Amino acid sequence: MMVSGFWTQPTLLFLFQNHPALLQFLIQVESQHLVINLERNEGLLTSSFTETHYLKDGTDVVLTRNHTGHCYYHGHVQGYPDSSVSLSTCSGLRGIIVFENKSYILEPLEGATSEHKIYRAENLKLVPGSCGHQVNITALGAGDNDTAHHSQAGRHKRETLKTTKYVELVIVADNREFQRQGKDVEKIKQRLIEIANYVDKFYRPLNIRVALVGVEVWNDMDKCSISQDPFTSLHEFLDWRKLKLLPRKPHDNAQLISGVYFQGTTIGMAPIMSMCTSEQSGGVVMDHSENPLGAAVTLAHELGHNFGMNHDTSERGCNCKASTEKGGCIMNPSTGYPFPMVFSSCSRKDLENSLEKGVGMCLFNLPEVKESFGGQKCGNGYVEDGEECDCGEPEECTNRCCNATTCTLKPGAVCAHGLCCEDCQLKPAGIPCRESSNSCDLPEFCTGASPHCPANVYLHDGHACHGVDGYCYNGICQTHEQQCITLWGQGAKPAPGICFERVNSAGDPYGNCGKDSKSSFAKCEPRDAKCGKIQCQGGANRPVIGTNAVSIETNIPLQEGGKILCRGTHVYLGDDMPDPGLVLSGTKCEDGKICLNRRCQNTSVFGVHKCATKCHGRGVCNNKKNCHCEADWAPPYCDKPGFGGSMDSGPIRQA
């Protein structure tokens, strides 16, 4: 190890081979001897995890790993309850150790796996050609908003922050990253998994688990156009994800790790509030540090934007337990050194607001874990094949229904886990287990046959929102009015249609339909005007989304005399991201039409009306294209008497 010029070799208290489930070793750090306790991160890789690379002719090679144990760990420093450790043992010891507000990087010496160095995180080496200045990380589509958000029902229906969310993630490395990492496919795969291991550690305090369902390396050539323009690269990657990746590899979110140096100081980019959407659930990350930790922090930041987290700006008054000197918080608008590894109070608030709005509908489903990657183990907290329950190690188990030693149910117990398990018995069918969180969400009910609440479902895209002048899209009821309130505060409302038509026909920074393929502002066609820059009236005197937002007011004269005041916003966030004042995808633009890709398109593209016809007028269509029946009718087609609900959500009422 090296600290201030001191070198040594770690003393292992646990002689490990084949990466054991538990690991302990002794390390000397700045004259302190520390015992590091580690546990293999069993939830990191799902049972459907695959690795993909390509042959020279472009044929994809998809591998399903079948090792006896993976090499990625989480843990702590013994005697320091607030410490945090994230390490890999794939090729020596590599990772981050945090204790007493200090962060240390541990990694093997170059060309060695038995000798290591350890140093303060602030001394982490940057990639060649990069200077030590701060670098910007960018979100697409919204600015900071300190105003209160409320669910459509006006109350918190789901304890969203207490419920564990699972992001089924795919990480892709582009061809330039393959070149930069020595054209070694296996090395890059390990690097991508190590990045995910860090990100999972960062998100655990938010009750979010990051589970890898796949890694992919573009070793032959890029599968979409990746350039120094991060905006163009992002949209190319998101298009590829939707058209090519999603159909062959189901997942919640995909992130590209790029070896390309983006223009300016941008090292990452992602759309905001886009988690779980087929069009925009993803981001691009520049691999800007020799150590994978750098890309992991940026990926965590971009994932935060997908979740709806805004930047931690000074006017928001965010509480961050890490000082600027210690790296600050992950959602800072710029990242310095040492890298941040915690989330602020603002990020937690943004996350809760987003989840209550319906962002991340796909995250409440437990990933398939038939057997944890690396082999099953009683006591790891995952119920695997051959186990009836698993409440962790015996000393930590508090579940009175489960025998922690054998992972079997105690005598008389029918279940031990799940929202539909109470007092070790299954709840009757028809008992609510997950209420709807907004007007586009559907409730779920116990089935009487399983201890688990059915997977979350919501109304089919294009379904009219109940009580709101809008349409459902990815489980959210998006309206011009709500966006005006977000930008201008309470009392704001959409401006008349003439404002949208006149302002957005300009094709300039203040009125446009986004950017075209050449990164120039695009004029809106009259039919698409309500999908360009949002135009509002009323509300506060200035935008409420931050000090870098300015009001753009336009007076439009009327033929009959008088004039109309149109209020738009322009946010100075650099040339590499679109204005947060753009109308969000899924917003109603006309009766029977919705904004998609800056165009006002007919809701018939979703097929909601065709789907609804099979429900016989006694139910609605859900996102799985199945009927959710009224209380007295039975699925699947609501044409026979029954107890309501759907094949996906359980019966609405008890027998």
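Any Cβ shown, glycine's included, is placed from N, Cα and C.
Noted in TrEMBL for the protein shown:
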BINDING   H301, H305, H311  Zn(2+) binding site
ACT_SITE  E302  active site
DISULFID  C433-C453  disulfide bond
DOMAIN    607-639  domain 'EGF-like'
DISULFID  C611-C621  disulfide bond
DISULFID  C629-C638  disulfide bond
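Secondary structure of the domain 'EGF-like' (607-639), assigned with DSSP and counted as helix (H, G, I), strand (E, B) and coil, comes to 8 helix, 9 strand, 16 coil.
In this structure, H301 (Zn(2+) binding site) is part of a helix by DSSP. Considering only the recorded positions E302, H305, C453, C611, C621, C629 (disulfide bond) has C621 as its nearest partner by CA-CA distance. When Cβ neighbours within 10 Å are tallied across all protein chains shown, the highest count among the disulfide-bonded residues C621, C638 belongs to C621. Taken together, the residues of the domain 'EGF-like' (607-639) have an average pLDDT of 94.
Comparing C-alpha positions, C638 (disulfide bond) sits nearest to C611 among the recorded positions E302, H311, C611. Taken residue by residue with DSSP, C433 (disulfide bond) is part of a strand. DSSP assigns H311 (Zn(2+) binding site) to coil, not to a helix or a strand. With respect to C433 (disulfide bond), the closest of these binding-site residues in Cα terms is H305, chosen from H301, H305, H311.
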